[in-house]
Amino acid sequence: MGSQEVLGQAARLASSGLILQVLFRLITFVLNAFILRFLSKEIVGVVNVRLTLLYSTTLFLAREAFRRACLSGVTQRDWSQTLNLLWLTVPLGVFWSLFLGWVWLQLLEVPDPHVVPHYATGVVLFGLSAVVELLGEPFWVLAQAHMFVKLKVIAESLSVILKSILTAFLVLWLPHWGLYIFSLAQLFYTTVLVLCYVIYFTKLLSSPESTKLQTLPVSRITDLLPNITRSGALINWKEAKLTWSFFKQSFLKQILTEGKLTVTLNGVYDIVNNLGSLVARLIFQPIEESFYIFFAKVLEREKDATLQKQEDVAVAAAVLESLLKLALLAGLTITVFGFAYSQLALDIYGGDMLSSGSGPVLLRSYCFYVLLLAINGVTECFTFAAMSKEEVDRYNFVMLALSSSFLVLSYLLTRWCGSVGFILANCFNMGIRITQSLCFIHRYYRRSPHRPLAGLHLSPFLLGTFALSGGVTAVSEVFLCCEQGWPARLAHIAVGAFCLGATLGTAFLTETKLIHFLRTQLGVPRRTNKMT
């Protein structure tokens, strides 16, 4: 598969991921609105925060490192050894689910059993659902490595829809079950998800006429199970060492991500954090995940850019430049317009409780943080796909120092500036990580004619348009928002819509290279798609 075809597959994977994220958020929003009519907000809050965090943390620590390592260099490996390595995620998941379950029940505050009954059962079942999902990890990695986009879309959509139907049915008919409802629905979701992958590969490998069999490294479904390889080695130790390096990195990233557990923040911050991170999850996360696979497939670790196939190096540089430009434009748009519309958004979302206090300042600060999140997501997805094991280890050492400084800075800034200080500490964290990645990218392409970091340069005319739009919307906010009633608010929205249109129009005229990338990779379906 050539680099251009891999690029097309990655772009479709990103597009489908973005659509899935929007679909899932809509389903979750509607489902929560329905559930709150029958169950208490305390039960829903425990599920959405406590139990979901347990589930996601278990999965992240058990599989993230394996995914990064096993999706690298997929054309030059013994897949039997890779699959054996991937099965280690299951016992690792059992360990993390037991350990974190103990933390959740013994160290963290347990909800009042009269308000939230069956909490312990919920912890056990959510941990079990994470282990069940890990049973499908070898199938998932094989599908991602060969860009089976439709399989991902169908499996995840079907699982979420069936889970939502089951949850609604149980809430309607058995509301007294409480946490049992969400726990059983979560277990059902992971079971359906794993079965979709198992059934797909079972049918695919039993159909000799399928054209996809020619590209797969397995010929029978039993080849996906743990087995002794021809060489006698159960796993590729080089791949295992890379996994260990990525595991240390994942652990440190989790500390940085969940650093808010070390400081005391108010409830307004939680709401602002959920609103602000929604954009990152909807837009930037699918792009980061999909194009990490692209860079990992196209580039070879531990090889200088000048020693690799130059066509692949050039395509990777062009894609990185376009992604950086896209992240910068999206982040700047959110930052510029978020400054003038944070108060209005919070007023519409939560009324005076959110819009009259520290909420607007928090959300404005978070909008700038989203800009850094966008750039960091793109730079790190390239960096982690191209780094050698030794470079990952050196990066981990920097992350360790950063973790310590971040926790100290979070504590100090939070005491001085409140919740805004924690966002500033996060901005500092992201700035350091971006600097590390930019230095790596610069060194990687130093001896080649390609300069992908040019994606961080915008035309002066476009920058001027952003500045003018920011000034106009700021003045509009002063005179039209948010004490003047709905006619003034609508006028403020109209001013923002006009400025946004002018800004996007300017970007369309000045950033022609990016527009061409979006049109060719994200907007036009490919006819050569045989793998999806």
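Note that Cβ sites are derived from N, Cα and C of the backbone, with glycine treated the same way.
Features reported for this protein in TrEMBL:
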TRANSMEM  18-37  transmembrane segment
TRANSMEM  43-62  transmembrane segment
TRANSMEM  83-107  transmembrane segment
TRANSMEM  119-141  transmembrane segment
TRANSMEM  153-174  transmembrane segment
TRANSMEM  180-202  transmembrane segment
TRANSMEM  326-346  transmembrane segment
TRANSMEM  366-385  transmembrane segment
TRANSMEM  397-414  transmembrane segment
TRANSMEM  420-441  transmembrane segment
TRANSMEM  453-475  transmembrane segment
TRANSMEM  490-509  transmembrane segment
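Same-chain neighbours of the transmembrane segment (18-37): 44, 48, 153, 156-157, 160-161, 164, 167-168, 171, 278, 281-283, 285-287, counting only residues six or more beyond its ends whose CB sits under 8 Å from a CB of the stretch. The stretch from 119-141, 366-385, 490-509 with the most CB pairs below 8 A to the transmembrane segment (326-346) is 366-385. The highest tally of CB pairs under 8 A with the transmembrane segment (453-475), across 43-62, 180-202, 366-385, 490-509, is held by 490-509.
By the Cβ criterion (under 8 Å, sequence separation of 6 or more), the transmembrane segment (119-141) is in contact with the transmembrane segment (180-202), since 3+ such pairs are found. Scored by C-beta pairs under 8 angstroms, the transmembrane segment (83-107) has its highest count with 43-62, from the stretches 43-62, 153-174, 180-202, 366-385.
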